[in-house]
Each structure stands twice: as structure tokens, then as C-alpha cells.
Amino acid sequence: MLKAVMPRPWVCSRCVKRQIQSSRGLATASTQYREPRPVPTDHSAPGAKHDDRTLRQIFDSPDFWADFSQSSKQSYYRPGVGLFQNRYLVNPQGFEVFANTSLRKAQRIVDKVLKASTVEEYRHVARDLDRLSDLLCRVIDLSDFVRATHPNAAIQAAASRAYAKMFEYMNILNTTTGLDKQLEVAMGTPEIVAGWTEEEVVVADILKKDFAKSAIDLPRAQREKFVALSQEISEIGPDFVDYMTPAKSYLTFESSKLKGMDPVLVREHTTWGQTKIPTIGGAAAAAIRTVQNEEVRREIFMATRTASRNTVHKLEELMRKRAELAKLSRYESYSQLALGDKMAKSPASVTQFLEALAKDNNKIVQGEVSELLKFKFSNPNASSPGLQPWDKDYYMSRILASVRSHSRNSDFLSAYFSLGTVMQGLSRLFTRLYGVRLAPHETMPGETWNSDVRRLDVISETDGHVAVLYCDLFSRPGKSPNPAHFTLRCSREITTAELEEASMLSQNGLFKTDEEAANDGMATSKSSGVLKQLPTIALICDFVTMSGKSSRPALLSFNEVQTLFHEMGHAIHSILGRTSLQNVSGTRCATDFAELPSVLMEHFAADPSVLSLFARHYETDQQLPYEMVAEKLALDKRFEGSDTENQIILSMLDLAYHSDLPLSPTFNSTEIYHSLQQKHGALPVDPPGTCWQGFFGHLFGYGSTYYSYLFDRVLARRIWQVVFQGGEAGGSVHRGNGEKMKEEVLKWGGGRDPWKCLAGVLDDGRVENGDEKAMAIVGSWGVKE
């Protein structure tokens, strides 16, 4: 089965983490901290210092940016070069030309593969199918990004049409049994496989497994049923996510009963002394955290944890359809189908990991519960014994508020994090670890979708230009607030045969050279002696700038700094994972491995040696006192065990719902959820009558892989401690440590068994096999610092 890259359907760990911590205010507490170690000498290229200065200025100085971006202005004498320098995309009509040109190339490849009959022809099947995948992704991924991001409605519509055309063709290919059979012949011929590169073997295996998942080997009637079920799931899933509703939409109280809640918030929802609170949203969450009246908190808690009957029905129907699909595809469960190509490999292995992690985490949670109980017993207004479900957030909030009152340091943190200095810091860190830096590059007319977008070229000390990064980081009306990393074009080797094909296109005047035509005008490099299309990445954030004529730069909160580091972790994986084949480039790896580089980057964001590279006051140039960060980190981790317990139980719930249980006529999603809370939790269990699982929208996107968030947190923490020495003695900025991470993990993209990557980077052969024992070992490592 051929797949487009597209944004991952699961929520990245930063987003999940923000949901967990959104109920907490900004607060600080004292903790032990260490002074930053001296930073190693910088042996960078002569142009690096100029790039470093310019990098800060293009983000922090509006005047400098206005001068720098003059070249991007379009005029009669300077026609547009096309979005991302894709020569087809100079106007809306170009999307159709781009799609049709790519479609014709794809059809020629399909014909070639289907007609293969000699050993020499079969030898090219894996690489041909990889190029076929690349041609689909070139249109689908880029068009999907443009239709969601571009401000011009005509361009959005054109991108949507191009997307639909290529997506439809991709679905046709996924039911073309001849492609699967030809791949099977090639893989079954030892003489052919012996001549393949390691990447070709991996890609062939990936494609074969994907074809199997699409039930391509089933009889026609069953295959048609598979397609019908897949279509139903694709309709029920979004319907469940988009239209989930609570059993009660509002609760009404006398405003006098809401003592403790922000009076401004209460007034916003009050009419004639009656306060009407929506049961979904910020007001209800704030009430549970702050209202002193326990009975009011209980009523609001019950309503916020109870989905409507129709919502729960949709959820259970989705789970049933997925279970039927798995059975039809000859799998025991949907989890077994989904996990076969992941690091976990099986539901049993995920269970091993989660149970080991729960065991490690349980004693931490018990300590947190004891602290909450102690605080509750000191409260004269407490009206019930023990810790109730509606007490947890309230007393957590009270404890954090009591600590916050002793220090206000973190309120001033943002003054040390102008966006330009943070981008400088990322470039300096990547230079020290991996020998690559971010170099501002003037854009051509029509190259970007908004005048705020900055282009950065990624320059390697050894390989020259290795990637293009488009940064759309500032807030504007109508823009999505969600941070994201998009791969617009993957790394891939361009063959001599492709250049010969491209020579016909270069003759039409659209392209100057065959090399340019082979990659639609987008960035390429021949530094390694082989022509490659370069990774082209878009980074989206929503950082607020000062309005009017203020010269103050965009200042980031520490959480926003962590978010930017996280997203750049995805980017560096794409940048360093420059493989010869598209299917395994960069972030195209196992779902439960994809977040590792980005979660690891969050550790760097909090390290004193890394922060000393860039964190300085935007006005005084004073270096950031690290104790301010240490206090912020201590507060963020104050109830980390409880957060982790919730994630463990939700991961177990995801597995249980995607087992064969939904096929039983007595399947009851509420009973399963409450039973998992009872069995594995130290926190209070949801009371009877609630059914929160109806709000668990990630069940559709994750589909058996919700554990990935926890799994990659554990892996990242272990690598941080073992490879980078937890930042001690300058380990976070040491080139040798960065080289080990690059050589064992990042450079492979998805072209190597991730368990081998893990065993190699940790020098721990115990986990190389990736079996249930390995999963249990990983679980025992825990997530707590």
C-alpha cells in the first residue's frame, strides 16, 4: 500500500503535554540547579558568524526584515518563481499541471513494474515503487499543506483539486493486485534481493506489509467488503471526533456558590445572579480547580466526565468496525494489525511496557496522593473523607498557588527568550552537535505563502546545502494556533534515468536544466557525487508579536521555547535522515519512534549549557540566571506522576478498545474504562454514571498507538542520561555525543530497525531484539527524572 507522508494523525507529545498541564498556572519553586559548563570552541565556517547575526535580526528586527526581504517582492520585471520554487506553482492553474505531469510519470512507472519479466527488470522494482510513492507525495503532501495554509482562496481550491486527484489515484494503486504480485516475485528471488541495498530491502518489506494491510490478497468479494468497511471507518471516525457532546451542555448555579473562582470569569457567565457554566471548555475546568464548595465541584466534575449516549454509541461503533476490519484481514485484533510494523510489534509487548512503567510510577503517585490528602485535611471546608475525584485538580491548584506566592521569577523568563535569540540558540546547538547550521536565505517572488515567512537553508560543514526550512512562526488572524512540522518534500536520490526523462520537460522552457526539471525546480544537491532532492520542511508556530510601531521583538514563554525545540527535533530528523529512498527518509519511521528526536530536544531546551548559548535579556544582554528556569521546571514536574498515571491508563484503554472485545455483544466501553482505573490507578476512580471515554478523540487518530507518547518520553530520557550525560560536564553540547546520536539514530530515518538504533546509541544489547523482554526493560526505565 502506498502512503503519503502528510501530518501525522496522532497528536505530538508537546500537544498532549500542553493538555495535561493546561490546568496549571505559571508558577515556580526552588530546586537544586547547576551552573552551565564552558561551551566548546566554535570551529565554524567563515560565513557562519554573519549567518548567526542575521538569523537573530530577521526574526527580532522588523526594519532589518523589511530590507532583507526586498528580493521577495514581485513585479513586472520579477515574475513569481512558484511556491517553494516549484516552477509549476506560479498560479492556481499550475496545481492542475503539476498533478497531471506527476500523474503521467506515475502511470509510466506502474506500466514498467507490471511489465517486468527479467531479473534485471525485477531488480528495479523496489526503487521504482519508491519513486512512485515519491511522485504521489510530491503532490499530496504539498497540496495538503497549501490548502490548509495559503491565504488565497483560489490557490486553496486548486490545491484541494490536485490533492483529490492524486489521492484517488493512490487508492486505485492500493487495489492494483499486480503491483503486489510483482513485488512478491522480486522479494522471492534470492539473486535479486542479494543485489539490493539495505534501504531497498527495508522499503520492499515496508511496501509488502502495507499491501497486506490493505487486504490486497483477499478474494474480490472480501476485498470489496474491506474497502466498504474502510470507508465507513473514515466517516464514523471524524464524525465521532468533530461532534462529541456531553450529556449536559450547561449547569446553572447561584453565583454565590462559586466562591474561589475568578470573579471576572463568573461575571461573564452570570445573568440575574444565576451563573450558567458550559460543561465543556475553560470555565468548567477553572471551576473544578478553584471553587471552594465541594458539592458544586462534584456536580461540575460529573458533567464534564459524562459524554452523551449518542457519542458513546459512535465510539463503540467505530471500535466494532475496526475489529471487523482486522478479522477480515486475518488478524486477531485491530491492535495486532496496527502494531505489526511498530517497535512494539504486538499488543502483548505494549502491555509489558505499560505494566512495567506503571509499577515504576505507582510509588510516585502514592506520594502525590498523600500530599493532596494532607492538604485536604488541613482545609476546614472539606466535607468528605478521603480524596474524591473532584478534589484532585482543586488541591493540586491550591498547592501550586501556595508555592507560586513565594516566587515570581518565571514571570520574567520571556525577556530572555526573543524569537531571534532562540533560533540562534538552535543553530548554535546543531552546529556543536551535528555540524549543521541555519543560514537565512533571501526568497524569490512567489516562493512563500505569506510575507512573514522566513526561509532558512541548512548548511553542513561537510556536505554544504542539505535542506530548506520555511519558518512561519508569527501569529496572524485566521492562522491555526497549533505548532506543526510538515515535510513538503522528502530526501531521495534522483537517478540518471530520471534525468533523461526530465530532459524532455526542460525543453519546454519552464526549467533551465535537467536537474531542475527532475525536482520540479525545488532544491537539489550533488555534494556527495549523487544528485538528491533535498528535504523541504515547513515549520508552523503562532508566536505573538507586539502591534503598532513597537520595536520589542516577539518574546517567548518557556513553554513556547520548549515547543519550538520540540518541533525542531522533527526538523533535524528530516535534515539528517537524508536517505536514498523516499519511503524511509527523515520522520518516515515507526510511529512509536517518530517522536523520539523531538521529545529529546525538550531536554536540551532546559539544559544550562544549552541555554548559555543564547538566552540573554533582549534589552540589557544579561545572561539568563538558570535558577529561574530550574524553579519553573520543578513546578511543571510537581505532579508528574499523576499525569503519567493518566497517560498509562489511557494507553491501556486504547489497547483494550482495539482488541477483539468490541465484537462481543456485551461490549461496554464504560465498564472497561472504569475497570482499568480501578486496577492500575492510585488516583480516585471516576464515579458510576460517568463515561469520559466519549471525549477520548485520540482513539481515532492513534488507533492502538497512544502509548507512543509515553514510550518516546522514556526513550528520550534514557538517551539524554546515557548519551548526553544528563547535560553534566557539557555533555549536551559535545560533538562526540551528537555524532553518536546522528550515526546511530538520526541519519537512518526509517531505514534501520529502530531497536538496533536504540541498542547502538545506548550500547545496550539487551534491547536489540525488540521483543516483549525489551519492552519490559524500557518500561522499567521510567519517565521520572
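Residue numbering: from 1, along the chain as shown.
Note that Cβ sites are derived from N, Cα and C of the backbone, with glycine treated the same way.
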Between the ranges 26-52, 620-646, Swiss-Prot assigns region 'Disordered' to 26-52
Local Cβ density at His566 (Zn(2+) binding site) - other Cβ atoms counted within 10 Å: 24
I need the most crowded of these binding-site residues: His570, His573. Count other C-beta atoms within 10 angstroms of each C-beta and give me the top one. His573
